[in-house]
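**Q** Take a look at the following structure, please.
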C-alpha cells in the first residue's frame with residue numbers, strides 16, 4: 001500500500017528531499033472549470049454545493065481528473081463556522097458572501113454561541129470522508145479554515161469590505177469584546193480542523209485573508225496570537241499533520257509566523273521568494289507564489305514566470321508551487337495545464 005508520507009507534497013512540507021517541486025492551486029476546484037460550473041448550476045447555488053457531500057466530493061475530484069496535481073483541497077468555504085454560529089450565510093450575486101445576522105454590537109459578541117462543531121458542520125466532514133475514499137490513494141487531501149481574525153472581519157462587517165471600518169473600530173475601542181470574539185472563533189477553528197483531520201485530511205491550511213490590513217502590533221495581538229494558539233493545539237493532538245499558515249499581504253511578518261510552530265507559510269506574489277527563504281527557510285517550507293494574473297497571459301509568458309518563481313526559491317526542497325492567491329474564474333483551463341507542465345519540466349533541475 002502506498003505510504004502517503006512519501007507523497008511529494010508531504011515530503012516538501014517537511015523539507016525532505018523530493019524529485020521535483022510539488023504543485024497544487026488555491027481554488028483549484030472552481031469556476032474556471034466548465035465541469036464545475038455544470039455541477040454548481042445543478043446544485044442551485046454555492047452554499048447548496050458546499051452542503052452536499054456528494055457534490056462537494058465531485059468538484060474536489062474534477063481538477064485531479066484534468067491535471068497532474070500533487071494534492072486535493074477539500075471543497076468548502078471559510079465562512080461555514082460563522083454560518084454554524086447562526087449568522088445566516090448567503091451569497092448575493094456579484095457581491096460575494098453576506099450575513100443576515102452580522103454582529104452589530106458587543107452584546108451580540110457576548111451572546112454568540114460556540115456551536116457543536118461535529119454536529120453543526122457534519123456535512124463538511126462527510127464530504128472529507130467521501131473525498132478521501134474516492135480520490136487517488138497516493139495524493140494527500142488538504143483541509144482548511146479561515147483564521148479567527150478573517151472570520152471576525154466578515155462577521156462584524158456583515159460581508160466583505162473595502163475599509164474594514166467596523167472591525168477596526170472594535171479592536172481600538174472595545175478590545176475586550178474583540179478578544180472574546182476571537183477566542184470563541186479560535187476554539188471553533190481548532191475543533192473544526194481536528195474534525196477534518198479525524199475525517200481523513202492529511203494537512204491543514206489556515207487562510208488569514210485579511211491579516212494584512214492590520215498594523216504590525218495589531219497583527220500580532222488580534223490575528224497571529226490566535227493562529228499560534230490553534231497551531232499549538234493541533235500540534236499537541238496531531239504532531240504529524242502539517243499546518244500551513246497564509247496571511248495575504250503578510251510578507252513583512254514571516255519571521256513571526258514561522259515562530260508559531262507551523263510547518264509551512266503560504267506567500268503571496270508581493271513577497272520575494274528568495275528573500276523569504278533566506279529569512280525563514282531554515283524553519284518552515286514555503287508555498288507560492290505565482291501572480292494569478294500570469295494565467296491570463298500567453299504560453300511563453302506563463303512558462304517564463306513559472307521559471308522565475310522556481311529560480312527565485314532555488315535549489316533544494318521545502319517549496320510547494322502554488323499561486324499567490326486563488327485562481328480567478330476567467331482563467332482558460334488550458335493555461336493551468338501549461339503552468340503545471342512547466343513546473344514538472346523545469347523543477348527537477350533544482351532537486352538533483
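Cβ from N, Cα, C; glycine included.
Remember, it's a predicted structure, so these values are computed and weren't measured experimentally.
Straight out of Swiss-Prot:
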BINDING   27, 28, 29, 30, 31, 77, 154, 209, 325  substrate binding site
SITE      77  site 'Transition state stabilizer'
**Q** Can you check which residues sit near residue 154 (substrate binding site), meaning Cβ under 8 Å from its Cβ, same chain, 6 or more apart in sequence, and list them in order?
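**A** Listed in sequence order, they are 79, 82, 97, 99, 146, 160.
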**Q** In whole Å, how far is residue 77 (site 'Transition state stabilizer') from residue 325 (substrate binding site) when you measure between their Cα atoms?
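**A** Checking the Cα atoms of residue 325 (substrate binding site) and residue 77 (site 'Transition state stabilizer') gives a distance of 15 Å.
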**Q** Tell me which residues of the chain lie with their Cβ under 8 angstroms from that of residue 77 (site 'Transition state stabilizer'), as long as they are six or more apart in sequence?
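**A** The list for residue 77 (site 'Transition state stabilizer') reads 46, 47, 50, 89, 97, given in order along the sequence.
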